[in-house]
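Chemist: One structure is given below, represented as structure tokens, and several questions about it will come after.
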Amino acid sequence: MKKPKQTLLSPNWVQLQQKLKLNGSKASRTFKTSDEDTPESILGKRKERPDDESNDCQINPLVPVNDDSSLTDAVAMDCEMVGVGQGNKSALGRVTLVNKWGNVIYDEFVRPIERVVDFRTKISGIRPRDLRKAKDFWAAQKKVAELINGRILVGHALSNDLKALLLSHPRKDIRDTSEYQPFLKSSSRRALRHLAAKHLGVNIQTGEHCPIEDARAAMLLYQRNKKEWEKSIKDQFRLKQKQRKSKQKKKLKNEHTSNGNHVEI
């Protein structure tokens, strides 16, 4: 059987074939790489969630864990003020009380005794329409007095709220977050929003103030530090008793010495 004759190719044709093969292999590799990258090019890389979006998924600690609105042994209070007189005098415009779980037990707009000249809406959140059918001041004062009587009163700068209500409360039953030693910074008071951000991880008072939110923040600050806080109260009470007894002993000793040195003529 005769062997087929090998066809002799011209050098130019051989060179052309080699170029075609080379280009073909590059094209196939490029196409393969493209296939591998297709999922990434279509879907793209997964974007990382911004911090604010991830924070939205976090549970807000100020939200009550139950719906029990009963009156508890500790209540938190917050008030919003309006301007009366020349506008620089504060008067009660809204008062809110929450129980130890943060559930509202009283929340009323209050009509001040004097005429309102500044609603301070940007801070108080109070508008003229809110006071048209608001509670009479004396009725609100009476109700608040009944609710806080004999209970631990929690709040921030409570002296301002009690002054606006024309009420007083036993010093031993006040838990003021603006005065609690561990919350102070270089012996100076810190705003409630700063305490909430630092110790609770929540932002409050970013716009118009919400007395419900503020009262809940104060209560939660107290509840989370209750053990140490109550211990410090007891320690202060014991120290005052000790100092009082010491003064009484010193006074009796001085009286005895004075009587001993008295000489009859």
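Residue numbers in this text run from 1 along the chain shown.
Using the three backbone atoms N, Cα and C, a Cβ is placed for every residue, glycine included.
Values in this document were obtained by computation on a predicted structure and should not be read as measured data.
Feature annotation from TrEMBL assigns region 'Disordered' to 24-60, 238-265. Per TrEMBL, the feature compositional bias 'Basic and acidic residues' maps to 43-52. TrEMBL lists 73-231 with the feature domain 'Exonuclease'. Annotated compositional bias 'Basic residues' per TrEMBL: 239-253, in sequence order.
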Chemist: Going by DSSP assignments with H, G and I as helix and E and B as strand, what are the residue counts for the compositional bias 'Basic residues' (239-253)?
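Modeler: Counting residues per DSSP class in the compositional bias 'Basic residues' (239-253), I get 15 helix, 0 strand, 0 coil.
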Chemist: Give the mean pLDDT for the domain 'Exonuclease' (73-231) on the 0 to 100 scale.
Modeler: 96
